[in-house]
Amino acid sequence: MTQEILGEVQTGKIPLKGRTLKELSEIMVSLGEKSFRAKQIYHGLYVNRYESWEQFTTFSKTLKEKLEGLCSLTQLTVVKHLKSVDGTQKFTFASEQGKEFEAVWIPSGDGGRKTICISSQVGCTLNCKFCATAKLEFQGNLKAHEIVDQVLQVEKIVGDNATNVVFMGMGEPFHNYFNVIRAASILHDPDALNLGAKRITISTSGVVNGIRRFIENKEPYNFAISLNHPDPNGRLQIMDIEEKFALSELLQAAKDFTRELKRRITFEYVMIPGVSMGPENANKLVKIARSLDCKINVIPLNTEFFGWRRPTKQEVAEFITLLEPAGVPILNRRSPGKDIFGACGMLASKS
């Protein structure tokens, strides 16, 4: 049994959500049970969506009582549920320790695409000037079961299954790499939630050592970089991560990703008038886009309460026109859920 699991045995019940099948097998054997019980539990949690031991009807009463005493099927508590006029729904969850974080259900206009935006941390270690989460006190990383359970609880409440999951909620995913990748593997596993790897997107603000690890491990998931400015000095003014990981280093890692994994990367770009827009910034962004296989998602600023304003539709259209010489796909990403503080950059447990 791993040191992590041993520690949990000593401090209380072992949470079984967020475990790989191999880890569940180790736990069952350590408890004196046959390893095949692990697959039954795994299937029960993620396919049947069981939430209590009583639902495991193939288990004997003795086994259920034993597991009830030693293992936990803990689930997140929903402390707030808000619905937008556009169909977006925001969920504020509380962990067992009472720490709050958020996830968002985002259906497309035609209902064909249903995305859950999930959090990886409570608050964030970074200070992106346009992001409401950055203003919160950082309270720690989420464990894998707390990440996976966001998807399970949202799907249960809305009564529908997501077509896509994006790690773009609270926190920097690559500052919680192990738990994020473990959660993604459960979301992807055909014996669990069975989401295709291309339907799972992990985003980073530019943690280069995390990108290197992602490449080395040949992770199959979609990958996005929150770029937001094409110039190192300009980027430093709005993203403090530039102090640790320079833009040049980040772009080299992005090029290595596309070359070694032969997959396209997505650049997320928040449009802030007078800060990240205009012909000069557009030309620099075009140069970056031409240097590797990428697409660009442009996002009009949502957090106007930080002293900047949201670009007009005309300004957005003009900026996109300036980017067209890059010859890459450009998406003007809609940001639903503004009325419930559920849009991109707005997650901060506000209502």
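Cβ from N, Cα, C; glycine included.
Here Swiss-Prot flags E102 as active site, proton acceptor, drawing on sequence analysis. Secondary structure at E102 (active site, proton acceptor), taken from DSSP and collapsed to helix, strand or coil, is strand.
Residues annotated as active site, S-methylcysteine intermediate in Swiss-Prot: C344. Non-local neighbourhood of C344 (active site, S-methylcysteine intermediate): M168, V270, I299, N302, R333, S335, each in the same chain, at least six residues away, with C-beta under 8 Å from its C-beta.
Annotation comment: Swiss-Prot describes C124, C128, C131 as [4Fe-4S] cluster binding site, evidence class sequence analysis. Of all Cβ atoms in the shown protein chains, 20 besides its own fall within 10 Å of the Cβ of C128 ([4Fe-4S] cluster binding site).
The S-adenosyl-L-methionine binding site feature in Swiss-Prot is assigned to G171, E172, S203, S226, L227, N228, N302; the stated evidence is sequence analysis. Using a 10 Å radius centred on the Cβ of N228 (S-adenosyl-L-methionine binding site) and all shown protein chains, the other Cβ atoms total 24.
Residues or ranges marked as disulfide bond by Swiss-Prot on the basis of sequence analysis: C117-C344.
Per Swiss-Prot, the feature domain 'Radical SAM core' maps to 110-339.
Ranked by Cα separation from G171 (S-adenosyl-L-methionine binding site), the recorded positions E102, C124, C128 are led by C124. Looking at the residues that bind S-adenosyl-L-methionine per the record, G171, E172, S203, S226, L227, N228, N302, the two CA atoms farthest apart are separated by 19 Å.
Rounded to a whole number, the distance between the Cα atoms of E102 (active site, proton acceptor) and E172 (S-adenosyl-L-methionine binding site) is 14 Å. Counting only residues at least six positions away in the same chain, the Cβ atoms of C131, T133, A134, L136, F138, M170, G171, E172 sit under 8 Å from the Cβ of C124 ([4Fe-4S] cluster binding site).
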